[in-house]
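According to Swiss-Prot, the active site annotation covers Glu502, on the basis of similarity to another entry. Residues or ranges marked as active site, proton donor by Swiss-Prot: Asp669. Annotation source Swiss-Prot lists N-linked glycosylation site at Asn115, Asn162, Asn225, Asn422, Asn478, Asn486, Asn546, Asn611, Asn670, Asn823, Asn843, Asn986. Taken from Swiss-Prot, the feature signal peptide covers 1-30.
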Amino acid sequence: MFIHRMKSNLASLFLSFFLLLACEFTFSYADFSTTTSDATHPSATATEDIFSTPAVPSLGLAQNPSVYEPYRGDKCGGYNAIQVSEYEKGVLAILQLNGDPCYAYGTDYPFLALNVSFDSIDRLHVSIQDLYGAQFQFSKRTDVWDAPLYHFQPQFGDRTYNFSFNSQPFEFWVTRVSDGEVLFDTRGHKLIFEDQYIELTTNMVDDYNVYGLAETVHGLRLGNNLTRTFWANGNPTPLDRNAYGTHPFYLEHRYTPSENLNSDGQPSYTSSTHGVLMLTANGMEVLLRPNYLQYRIIGGIVDLYIYVGGTKNPKDTVSQFVQSVGTPAMQQHWTFGFHICRWGYKNVFDLVEVKENFKNFEIPVDTFWSDIDYMYEYRDFTVESNAFPKDKMMEFFNSLQQSNQHYVPIIDAAIYAANPINRSDDVYYPYYEGVRRDIFLRNPDRSLYVGNVWPGFTTFPDFTNPETTNYWTECLMNLSAAFGYNSSFPLPYSGLWIDMNEPTSFCIGSCGTDKLDQNPVHPAFILEGEPNNMVYMYPEGFEHTNASEHASAYQASVSQYYATATSTVESVKATSTPLNVRPKYNINYPPYALNTEQGEGDLSNLGVSVNATYHDGTVRYNLFNTYGYDQSRVTYDSLTSIEPNVRPFILSRSTFVGSGKYAAHWLGDNYSLWSNMIFSIPGALTFNMVGLPMVGADVCGFMGNTDEELCSRWMALGAFLPFYRNHNSLGSISQEPYRWESVAESSRCAMNIRYSLLPYWYTLMYEASSQGLPLIRPLFFEFPNEPSLANADRQFMVGSALLVTPVLEPNVDYVRGVFPGDNSTIWYDWYDHKVIYRQHNENITLSAPLTHINVAIRGGNIIPMQKPSLTTHETKQNPYDLLVALDSDRKACGSLYVDDGVSIQQESTLFVKFVANGDSLSIESYGDLQVHEPLSKITIIGLPCAPIGVYFEGVQVESFSYLEDTKELVLTNLEAFTSTGAFSNNWTISWNLPV
């Protein structure tokens with residue numbers, strides 16, 4: 001903190017000095033204020049320009065996205081750098097507008113302040129703001145968002161980058177010292193800095209490989225013909241459009257041909273990776289084009305962070321970034337089990353039945369979830385007492401406690417606005433207490449902002465208000481009481497699912513103002529499963545395997561379509577923005593219209609309006625993308641105040657940079673389609689790049705009806721993503737894995753692997769939490785020098801040891817995949833431990849019957865395992881196994897992290913290192929946690945011949961076998977050597993091979 005403040009104070013002194021010089025040198029403050037004041041201060045704008053309360057709910061005003069208009073920056077002259085000061089820790093300068101204002105999509109500032117800070121040896125910060133600070137500055141709102149990059153500590157060593165610039169016009173570029181690579185380069189592009197439009201452009205190398213820029217539904221590699229919009233959106237998983245979260249960080253990976261050939265005699269490459277974060281909560285577009293990448297921001301300032309990365313592997317760049325914004329929270333051990341959920345578990349008896357069915361079918365499950373069915377009329381912090389009576393809920397919670405299983409309910413962001421003339425609403429504490437404490441979002445005239453969500457007209461908590469945390473904590477305790485709270489259950493639920501927290505609202509503006517006497521009102525559309533909205537959608541290929549059922553569903557869907565009224569809205573630009581004419585400041589309809597997914601492009605469609613205000617008067621226009629982050633933060637603080645030192649488990653739909661510190665994430669309301677299963681892989685990989693590694697998709701699909709084949713394949717795939725939950729929607733057919741015999745078998749097989757790998761998963765989570773490393777990784781992360789892997793996103797790595805190759809299409813019993821690395825890299829099949837023979841870059845065909853998913857082990861790894869059971873708790877009590885996969889040099893290594901699986905602050909932990917050489921396997925343990933479970937079995941694959949003898953700390957091991965076909969040594973009955981715990985002491989196992 002001290003270092004950060006010292007740097008800030010130094011910069012302030014320089015800027016104050018520059019202000020004095022600039023005022024004398026070029027302009028007077030009076031001139032500046034008359035030019036821009038009404039354009040930069042929303043409070044100075046007429047009320048009707050920023051306040052919209054429609055008389056009736058509507059779709060808003062349709063917009064034509066500005067990205068499709070002819071480019072307007074050609075006549076902008078950019079800025080010149082004056083009064084430049086270079087010092088040890090950065091560069092300070094004033095930037096002066098070069099020529100007349102160009103009014104691209106706003107009013108140009110005549111003077112800007114440049115502050116380049118050499119934050120660390122591998123991170124550079126470039127800040128550009130208007131000279132007098134009229135623009136909203138997100139970095140000043142540490143009450144809303146805080147991160148380690150604001151509190152950096154000094155690092156010793158030489159900087160790994162150089163910052164260079166030209167003054168007239170001002171342009172800059174950043175170079176990596178080690179290889180001379182230019183990482184960010186604005187040369188040839190003019191900076192545009194206006195009150196509602198900022199444009200910054202960097203040159204890109206040919207055919208660049210860029211990843212990240214979440215959240216959208218897209219392939220892993222973004223390509224060079226894409227516009228990414230950052231505007232939190234509650235619409236279900238739109239392809240190539242803005243979705244729930246905002247993570248304006250990208251990772252770029254470059255390949256450089258080498259003069260040398262690899263061991264296969266093929267051309268070889270070196271590679272490098274770097275990352276860039278444009279930190280803003282305002283709306284933004286990023287244009288990826290063949291030779292450049294361009295930021296277009298509709299407010300705020302330029303707040304750019306460049307991460308130098310390096311030439312070793314992309315994981316280093318991810319680690320640099322994640323550690324700067326906050327490493328992800330360590331998850332509880334049970335969260336890596338299987339979770340079952342649906343919108344449609346209509347009473348507690350449904351939950352009990354599902355629990356019993358999993359037990360009867362012997363399918364592992366750890367957590368049962370409730371969607372909004374459990375609430376009284378969909379109102380937060382209530383329980384429908386007829387369907388979920390307290391006594392039956394307590395019986396259910398007791399049964400979960402006895403079986404060491406868990407329960408997670410949903411909480412939506414919106415709070416039902418009580419009907420003032422309905423006496424039964426008088427007891428709705430969350431609303432009246434929120435009004436009393438003044439913790440809800442307001443309209444600009446200070447009236448309550450009232451939107452429309454599931455329960456009817458609703459209000460929205462202001463999670464930036466310090467008072468909201470206490471309010472939220474009390475509401476969570478009230479929910480415990482509503483479930484039947486007693487002293488044996490501090491919280492009857494083990495985590496919280498926070499949803500609809502972009503936040504979503506089903507109308508434009510404060511549509512419930514003066515209408516609360518109509519509550520509760522039905523959402524402004526027909527719910528799935530209601531008349532005229534029955535679910536007839538099935539996966540691609542369903543017509544080939546279920547022809548008669550498909551024909552019936554198709555005919556019914558056609559009839560329903562023609563029975564439902566439809567309408568269209570003409571798309572016109574709501575606010576005319578003529579060329580080179582100063583536009584009017586307007587936050588509801590900014591001069592630059594973002595290319596959004598919502599409705600017809602109105603920024604407030606399907607969300608709380610941009611003119612809604614926070615407790616301090618800040619409009620949502622400037623904090624639009626942080627609502628889910630702040631709800632996660634407040635929920636985290638509330639849960640830790642209720643159960644101190646217990647790691648909160650929070651699943652959030654909307655996320656922002658650094659949300660991983662507080663929450664996990666699922667990929668949202670997907671469809672039961674093969675295409676959606678495919679996109680779940682790049683989606684999960686991308687979130688692992690941006691610091692939210694605990695991520696997964698709704699297995700088998702949320703909307704529409706799944707089928708047996710899709711669900712079987714998806715249950716297998718989901719077992720290898722960090723967060724593993726089956727969830728589907730109201731009106732869809734049931735899709736628990738026991739509904740079909742093949743799905744049950746596929747699930748058991750995949751879960752058997754997942755649960756046996758719990759020690760491995762948990763160790764990966766520890767590395768993510770401590771170092772910012774991803775749990776799952778694209779192939780190029782582990783094999784960074786192979787250009788053919790740049791687009792690979794239908795296979796992925798779990799850690800560095802396992803390669804997963806799922807089937808992603810219907811009606812096949814095979815799958816094709818690559819096994820990276822040169823001839824020195826060995827891959828073993830998970831199931832039979834045989835070597836997978838292939839040529840470099842060869843796409844080989846693998847057998848994949850319906851209940852099978854292909855998994856390969858990378859030689860050189862040691863994987864800690866435990867015998868799987870039906871819950872994570874039972875599995876954790878079982879003996880350990882070690883799987884040792886030797887590489888071509890007959891070496892391997894691995895690690896294990898163990899703690900109590902629950903606590904934030906650990907009293908004791910254990911970290912174990914495993915090392916295998918040609919004739920021995922050794923462990924070294926660090927820490928004082930006593931692990932009582934013994935070691936049962938060690939499997940060593942890749943040993944060329946049978947050993948003459950095997951010894952545990954010099955004592956001969958009698959129980960071992962060697963399988964010639966797989967070159968596999970199996971040691972069993974090791975409990976006798978490790979009865980006090982598998983890793984309570986350091987030990988070495990050695991073997992003698994024949995000469």
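From the backbone N, Cα and C atoms, a Cβ is placed for every residue, glycine too.
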Sparsest Cβ surroundings (other CB atoms within 10 Å) among the active-site residues Glu502, Asp669: Asp669
Cβ-Cβ distance under 8 Å to Asn546 (N-linked glycosylation site), same chain, at least six residues away: Tyr538, Asp707
Three-state secondary structure, which DSSP defines for Asn478 (N-linked glycosylation site): helix
From glycosylation sites Asn478, Asn611, Asn823, Asn986, the one whose Cα lies nearest Asn162 (N-linked glycosylation site): Asn823
Inter-residue Cα distance where the pair is Asn225 (N-linked glycosylation site) and Asn823 (N-linked glycosylation site), in Å: 36
Lowest local Cβ density (other Cβ within 10 Å) among glycosylation sites: Asn162, Asn225, Asn670, Asn823, Asn986: Asn225
Nearest-integer angstrom distance between the alpha carbons (Cα) of Asn611 (N-linked glycosylation site) and Asn422 (N-linked glycosylation site): 30
Residue from Asn225, Asn478, Asn486, Glu502 whose C-alpha is spatially nearest that of Asn986 (N-linked glycosylation site), among the recorded positions: Asn486
Number of Cβ atoms other than its own within 10 Å, given for Asn486 (N-linked glycosylation site): 13
Fewest Cβ neighbours within 10 Å, where candidates are the glycosylation sites Asn115, Asn478, Asn843: Asn843
Residues near Asn422 (N-linked glycosylation site) in space but at least six apart in sequence (CB under 8 A): Asn519
